[in-house]
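Quick look at what TrEMBL annotates:
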TRANSMEM  B:255-274  transmembrane segment
TRANSMEM  B:369-392  transmembrane segment
TRANSMEM  B:450-471  transmembrane segment
TRANSMEM  B:478-499  transmembrane segment
TRANSMEM  B:547-580  transmembrane segment
TRANSMEM  B:587-606  transmembrane segment
TRANSMEM  B:654-675  transmembrane segment
TRANSMEM  B:682-700  transmembrane segment
TRANSMEM  B:720-739  transmembrane segment
TRANSMEM  B:760-779  transmembrane segment
TRANSMEM  B:1010-1029  transmembrane segment
Amino acid sequence: MIRRIVVLAAAAGAVLAVVTAARLPAEQAPEADVTVAEVTPAVQPIACPGPVEIPVGEIESGDPELGSGSEDRAYATLGDGVAPVGAGYLAGGDVAASLERVGSGDVAGLSATSCVAPVRDQWLVGGSTALGASARLVLTNPSDASTEATVTIYGGLGELEEHAVVSIAPGGQQDLLLEGVAAEVPALAIRVVATGAGVVAHLQDSRLAGFQAAGTDWVARGATPATSLVVPGVGVEGDASAVLRLLAPDGATASLALAGEDGAVDWGGVSALVLEPGVVTEVEVPAVAAGAVEIEADAPVVAGAMLTVPRPVEDGPADAEAADLAWIAAQPVEDGFPRSLMLTEHAASIEVHASTSGGVSFRDASGETVASAVLRAGTVASLPLDLPAGTEITGPADVAWVVTVVDEPGFVSTLAPRRTDVESTEVRVAQRPYVREGS
Amino acid sequence: MSPARLLVRAIVVSDGRTTHLADVLASIAAQTLRPDIVHVALPLDAPRPPTPDGLVIDWRDTARSYTRSIGLILAEHPAHPQEYLWLLHDDTAALPEALAQLVATAKKRTAAAVVAPAHVRWDDPTRLVNLGVTTTRVGARRIDLVEQDDINQGQYDERDDVLAASIAAALVRRDVWDAFGGLEPAYRGYGDSLHFCRRAWRAGHDVVIVPSAKVRHSQDGLRGVRQRSSRGTDATYGLRRTGEWVHALAWSRPLMVPVLLLWTFLSAATRAVLRIAQNESRMVGADLAVPWRVLARLPKVPGMRARIRRGSTRPATAVAPFLVGTRAVISHVRSRELHAYDRWRAQSAPSDMVRFELERAAARRRTGLGIVVVLAIAASVALHGTWLSAIASGRMLAGRALGVTDVPVDALWERTWSGWSTTGFGSPALDGSFSALLLPLAALPGGLRVWIGVLLGMGVALATASAWFALGAATRSVWARGLGAFAYGLWPLHLQAIADGRVGPVIAHVMLPWFAMGLARAAGWHRGEAVGGGEEFPARRLPSPSAAMGAAFSLAVVVVAAPVLLLPLVLVVLVAGAFAGTARWRVWSAAVPALVVSGPALVAAWTAGPLTADAWAILARENGPALVSEAVEPWRIVLGLTAEPLGTPGLPGLPGTVVVGAIGLAVVLAAAVAVGSGRAPWAVAGGMLVAALGVVTAAAAQSTVVVTGAVTGEAPANGFAGPGSTLVVAGLLGAAAAASSRLWTRGEGRGRAAVRTSTSVAAVLMAGVIVATVVVEAWPGREERGDVHPVEATVLPLVAALEQELSTRQRVLVLTDTDEGVDYTVLESDGTVVLDGRAQPAVDALVTVPQGATAATLADTVATLAGAGADATPLLADWGVGVIVAAPGSTMIASSLSQLPELDLIGASEVGTSYRVSRAGSDVPVSRAWVDRGGDIVPADADSWSGAIARTAGGDGTLVIAAPADERWIAESGGVALASVDDALGRAAFSVPAGAGEVTYRYEDHDHRLWWWAALVTVAWAVVGMIPLHDRRFQAVRR
């Protein structure tokens, strides 16, 4: 009997242990130490890509009417302390820009671009390698160390298997014709990841419509993937059209809104746009005189817009159509940093979009206001400019803006402002054991 | 020309402490030939026995010694020409014919100085005790010419001349006695007969034994009865052994004396080890005391040697034929052992019937073991065969928690010996026991790489085999043992520990069954083989001291591998000892090595406040690989489950809990049936309590943060539930197995049939669960449980690894790109080493580690490097980091490093890109320690915890050790300790005066060293003691 009781008592003890052990207060192990350090990279000079090139090489037919090239070329480099690097150049100051006007030939049009500093990771939304289009990626390394850039290409079917790895010597420049990497991709987005101090990437988008130039412009880098973006300056008039190009690296649902001068403009069917991961999506933007696309997404996206401005054909079949195009990259909303740019010739207006109500004013280097307006939240304004080339203008923080460059006979381009402070990057440093990965 | 008549003077000397004196006197009276004169020396205060009829006794007082007492008597009685002394002890009683036969022989052998009788047992005259003695050529071992207790069948009746015989009850010629001055006092009564007889031979006399003359001898002196000792012959062992050495010293050639003295120490040490192996711990002291006793008697040796020299007329070679050589000694020892063995066999020999059953059981057992081992190895191969083939092809296992496993012996040795952990920039360590545990594996051929691979790859098979043997103590059923062993080997948390590379819990799981078996056998609780109608053989199981030592050793291993088990298992030992009856001290001794090995932790826990959470965190520490693991509910611990068990790809409908928990469920059911059955109540109750202890231990462990990572930057982690869960399954299986014992033969008729049917069904079900578990766990495509994987043994680029090996002992900083930044680690050796044991930052608060410029500063430096910023490298050089390696594929960090002009690219390979760090403003390579004399730098020849800097010229300087300052760093120059100075970076630094010679430094932790030796001694004691030398047969025949 006693034995029986002992056994049952022991079993009861075991059950009791299970019950009481559940009540032990558990101490939560803290997370491993991670040091988040702001790393301020050495200030690197800004760089511009240089003149545009005729994609298939200069074809001299002997007849200026038929040749691809043009006698009517004007190329201006603006900036302080300009030093050549490859075909392009470096500039010492905070801002610099280049403007090129090609009057005729395959690459006729205005191509303006702001010079930018190298970064390690950048997205360029724009370009095409469809028949008649050429996408020439110009990678400039203004730093003193060589860098290796990995170019990942996204198209309408998602991320392409083909990618390119380009080594760029210190102070060197490399061209990459994307049609040689991934042909027949009508809508491109490019990600360039570079080592070291990074790289400056510009994409020359040149198009032909039969024998007629259909426009050339530089695609500049836009905002890094974010859930809230604005593409300013998408206002078009007449036959001109605007197309928004979107890409969500990991997929997202985005809703688009078009802000006009008097507030939101009707735009049906874009309230819940499903973006498949890595798939480049194009959306036609309704034509308004002045507008900006506001993008809100539930996951990070990148975006850019292309303006196409047709013009009468000077010399060709009646139904032929010539055009020029301009790319505008998306800008982050309210990141709290002012941006600056250097004006070129033919700078026509500042296209500004405000997310909050209030006055916006643009100043030159001496601090004088050169343009100003009072805007309500979610509206845009077009502020005409009449300032000499080489003027540095700085906009207020928390607005998105671009400068449009316009010239006869229907040439357009844009200049995007850049942050002039040195962007410090956040580095997460953690300790972890090191063994080789399994093979 | 034999003389007409001899005078026999009988002298009995007694110290009055014997009960045999009356018998002795009666035997004298009963002699067919009575002695002429009888003297009895007895202390005046001792009670006088009655004088037998017809015997005239001259009562005398005794003197201080035996010889002196005789001398007093002889002084009053002048020598007769033919006088013989019959020297009787108070425990020797001659049989009636004895004196007549001795006298007859003495008459014939006139040259005989000693005529000795055969000694027989007091209680059994047919058993021989002594029939002459000899010694070896060296003389340090007394050889009896008959075995103790040999039956006298007249086989020795032809014996006459011997080298020596016991003087007790022997006739000794009075003139020789007088000439020699009696017995040699230096022997203190043990070995003096041999000496006397040997002198007699050398002096031209003979020594004759008379086998037909028998004297009963109760050997009171030998057994220490006079000192009221109950230890038998052990009581006088030390004195006898000392006597043997004194004999050797007295009779050896003069040049041999120092050699013999040295030999005494060697012999004592060897015998002490043998005593430990025989678990005669009290005799260790006796053996170790012998050389010192010999030294104490050394002053008397020259006198003895002089007397021998003066009295000798025959050369030393005269006695040579009597002396025996090595072969005879071996044969003597062997026959003694065989004799003991025979007696044991005679006592415990089974009947033929039983023997037949035992043979059948043994055959069944062997077959069962063979099948279990083969299947267990097959299961291991099915689960981790890829690991084993990788190990065979020269690769090693590695993992996030496991680190690299190709750890060299010297790294483990330095870690355990110095008490300095090299993780990060180094830190004081609580103890070095985990390194010490793995050191033997690293020393085996193949090194730690192979043996950790075997341990993990074969972890299931090892645990299964261990459990098989342990379950043998609970049940003799081959089926129950086999199924239980597999349930133990395939315990889900054991599989998890293997897959995670948690070496400690794996070792604990493998070793715990051995501890359990040792404990059961130490207390004599193990089952005998079932024979006949429910009987066991042997019927009475004796507690085994060797098993207790085996349990002690296993427990020490278990608590080093999984310290959290110290408290519960010591508690188990204490309780078990309390129930173990006479074996209690043996059982309790099983806890000693574990407690000593855990000494530093116990002290630290006590210092932290004995009953605080901090103390528990120290006791529950994890010494080896540890991982962050989610705390689970206690019922999951009982089933051996993790928080989210993996399901089976083939059966998506079945939750992982059911798939993985099936074994646990089966074990719990078996234990529940055991409780319900009421069989083997004490064992079942014990098992349930152990299981309860396991649940509480596991729950308490996982509710405590045991890896803080404060020093090393490791991810903080809670304790692992595995060791506690091991205790649970051990308890439940033990209970179930004990209850299942002899179930097959239980009951009668239909009852028996019912029992047999249900046990068969249960066994088949259990086997099904086991097979299903192996299939599920080995299912191709099933997600891995952990991240242990085989990799190439070379982790770092060769240039970096070489710098670590050089005398400058540069550290290597390895940087790896991540999505958001960079990960780093500082390496002392080729890859992250976890297996040398955690330094135990849990006790940092107690050992006060100055963490000047370690983790945080280093992280900032790494961030600077990642951003290609300037001024990062001086700090690295200051801390002895000589090489930076960008891990393969980490192109971002590699390009950042390439931009830094102060770094030199020294190589790029598939295992990483290496950059050399240089000292600011000096060409001297970066080193672990150096002397800086105003910019004139001399690097040290260093290892991980000590080093030396050659003599240098120059003025005052500073010795800088690139390790955190600690008061236990010591630097010396020419035997003079150097003064420590404060270092801005928190490193250990010392001022070196101008003109100082060679400078040496080391980390010296006295407490650590003390515990280290104590642990070594106790564990070595347990290891030697667990050798089952003589165990059972000595137990049987001696007690």
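Even glycines carry a Cβ here, placed using N, Cα and C.
If you count C-beta pairs under 8 angstroms between the transmembrane segment (B:369-392) and each of B:450-471, B:478-499, B:587-606, B:760-779, the highest count goes to B:450-471.
Long-range contacts of the transmembrane segment (B:547-580) within the same chain: residues 279, 433-434, 436-437, 503-508, 511-512, 514-515, 517-525, 586-595, 597-598, 601, 619-624, 682, 686, 689-690, 693-694, 696-697, 700-701, 719, 722-724, 726-727, 1015, 1018-1019, 1021-1026, each at least 6 residues beyond the stretch ends and with a Cβ under 8 Å from a Cβ of the stretch.
Contact between the transmembrane segment (B:587-606) and the transmembrane segment (B:1010-1029) is supported: at least 3 Cβ pairs lie under 8 Å, counting only residues 6 or more apart in sequence. Sequence-distant contacts of the transmembrane segment (B:450-471) (same chain, six or more residues past either end, CB-CB distance under 8 Å): 368-369, 372-373, 376-377, 379-380, 383-385, 387-388, 390-391, 396-397, 402, 405, 438, 441-442, 444, 480-482, 484-486, 488-491, 494-495, 497-498, 501, 503, 506-507, 509-514, 516-517, 520, 733-734, 737, 788, 835. Of the recorded ranges B:255-274, B:654-675, B:760-779, the transmembrane segment (B:720-739) has the largest number of C-beta contacts under 8 angstroms with B:654-675. Non-local neighbours of the transmembrane segment (B:760-779) in the same chain are 379, 382-383, 479-480, 483, 486-487, 490, 495, 648-650, 659-660, 662-663, 666, 670, 673; each lies 6+ residues outside the stretch with a CB under 8 Å from one of its CB atoms.
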